[in-house]
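Participant: The structure follows.
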Amino acid sequence: MRIGILTGGGDCPGLNAVIRAIVRTSENRYGSSVVGFRDGWRGLLEDRKERLRFDDRVDSILARGGTILGTARVNPEILRSGLDRIQQTLDDNGIDVLIPIGGEGTLTAAHWLSESGVPVVGVPKTIDNDIACTDYTFGFNTALAIATEAIDRLHTTAESHQRVMLVEVMGRHAGWIALHSGLAAGAHLTLIPEQPFDVEEVCAMVKRRFQRGDSHFICVVAEGAEPKPDSMTLREGGVDEFGHKRFTGVAQQLGAEIERRIGKEVRTTVLGHVQRGGTPTAYDRVLATRFGINATDAAHAGEHGKMVALRGSEIELVSLGEAVDHLKVVPQNSYDEAAAFFG
Ligand code: F6P
C-alpha cells in the first residue's frame with residue numbers, strides 16, 4: 001500500500017513524532033511506502049512531495065519541533081474548489097490512503113475529501129486542544145509546560161514590584177491553555193474566550209487583592225478573550241483564515257484600561273509563538289507516536305473517514321464528520337473549578 005501524509009495549519013510540537021510513527025509502522029508492520037506532501041494541502045494542489053524512509057532521516061526526528069514536511073494555512077474556499085485537483089494528485093502518485101495531520105481547518109478539508117470518496121484517516125493536532133471527540137491533542141501539553149514556566153517566573157518579579165502582571169497565551173476560540181496554565185501556575189484570574197469578562201469586575205478584584213495586603217496579581221489572558229460588550233471596546237485585528245473576527249493584543253489593551261481606571265502599575269507579557277516552538281514534552285511524543293501507529297493501522301484496516309482520538313487512556317477511532325462538527329471549548333464546570341482560585 002502507498003500512504004500519503006501531510007501536516008496542515010499552524011505547526012505544533014509532536015508533528016515529527018507522528019510522521020516518524022506512520023513511516024515506521026507502514027514499513028515495518030505492513031511493508032507499505034509513505035509519500036509526504038509538502039506544506040500542507042498546497043503540496044497536493046501543486047504536486048510537491050517526497051518519499052519518506054525511516055532509515056534516511058525520519059528515525060532521528062522524534063524530539064524535533066515543527067514539521068519536516070512544512071505546513072501552511074490555506075483558505076477553506078480555495079481547498080473546496082481544489083478538491084478535484086487534490087484527488088488527481090493522489091491518483092497520479094498512486095496514493096491508496098491519505099493521512100492528513102492537522103487542526104480544525106485541515107480536518108474539515110479531510111472530511112470533504114472523504115465525503116467525495118477518497119480514503120482518509122485524520123490525525124488531530126493543535127496546541128489549542130480544541131478538536132472535538134478527543135480528550136487531548138498533542139502539542140497542548142508542550143504549550144502548557146512553556147506557559148506554566150513563564151507564569152511561574154512572572155510571580156517572583158511581580159511580587160518584588162507589587163505589580164499586576166497580565167500574561168497573554170494562545171487560544172483563539174478555546175481557553176484550554178489559559179485555563180490549565182492558570183491552574184498549574186497559581187494565577188489569580190484567568191480570562192478565556194468562552195467567558196466574556198467585565199473590566200470593572202477585573203479592576204475590583206485587583207483592588208481587593210492589594211487592599212488586603214497581597215503582593216501581586218497575575219492574570220492569564222487567552223488571546224481570544226473578549227470583554228462584555230458594554231464593558232470595553234477592543235481594537236479589531238482583521239480576520240483569520242476562516243473569516244472569523246480576530247483581535248490583536250487583548251492583554252495589552254486590558255492592561256492599559258486597568259492602569260487608567262485604578263492607577264495600578266501593570267506589565268503585560270505576550271508569549272506568542274514561543275508556545276508552539278521547540279521540542280515536544282514526553283507526553284506529546286508518546287501521544288503523537290500512538291496517534292501515528294493507530295492511524296496507520298486504521299488506514300490498512302480500511303477504517304476510512306475516521307480520526308484517531310484519545311479517549312481516557314485508549315486510542316480510538318471516531319467519525320471525522322463528528323470531530324469537525326464543532327470545536328471543543330471549555331465547559332462551564334471546568335471554568336467554575338478554576339474560579340475557586342480567582343481573587
Ligand atoms: O491554532 C493554533 C494557533 O497557535 C492559535 O493558538 C493561534 O491563534 C494561531 O495558531 C496563530 O496562528 P499563526 O501562526 O498563523 O499566527
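Backbone N, Cα and C atoms are what each Cβ position is placed from, and that goes for glycine too.
Any TrEMBL annotation is an automated prediction that lacks curation.
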Participant: Need a hand: TrEMBL gives Thr126, Ile127, Asp128, Met170, Gly171, Arg172, Glu223, Arg267, His273, Val274, Gln275, Arg276 for substrate, which of Arg163, Arg260 is also on that list?
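Facilitator: That substrate site, as TrEMBL gives it, pairs Thr126, Ile127, Asp128, Met170, Gly171, Arg172, Glu223, Arg267, His273, Val274, Gln275, Arg276 with Arg163.
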Participant: For the ATP site that TrEMBL lists with Arg73, Val74, Gly103, Glu104, Gly105, Thr106, give the additional residue from the candidates Gly10, Gly14, Gly31.
Facilitator: Gly10
Participant: List nothing but the one residue from Arg73, Arg172, Arg267, Arg276 whose Cβ has the fewest other Cβ atoms within 10 Å; the candidates are the binding-site residues.
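Facilitator: Per-residue Cβ counts within 10 Å for the binding-site residues Arg73, Arg172, Arg267, Arg276 bottom out at Arg267.
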Participant: What's the CA to CA span in angstrom from Thr126 (substrate binding site) over to Gly103 (ATP binding site)?
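Facilitator: Thr126 (substrate binding site) and Gly103 (ATP binding site) have their Cα atoms 6 Å apart.
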Participant: List the residues of the same chain that sit at least 6 positions away from Met170 (substrate binding site) in sequence and have their Cβ under 8 Å from its Cβ, in sequence order, or write 'none'.
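Facilitator: Set apart from Met170 (substrate binding site) by at least 6 residues yet with Cβ under 8 Å, we have Ile127, Asp128, Ala143, Ile177, Ala222, Glu223, Leu271, Gly272, Gln275, Arg276.
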Participant: Which binding-site residues out of Thr126, Met170, Arg267 lie by ligand 1, going by a Cβ under 6 Å?
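Facilitator: What lies within reach of ligand 1, judged by Cβ under 6 Å, is Thr126, Met170.
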Participant: Return the residue, from the listed binding-site residues Glu104, Asp128, with the maximum count of other C-beta atoms within 10 angstroms of its C-beta.
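Facilitator: It comes out as Asp128.
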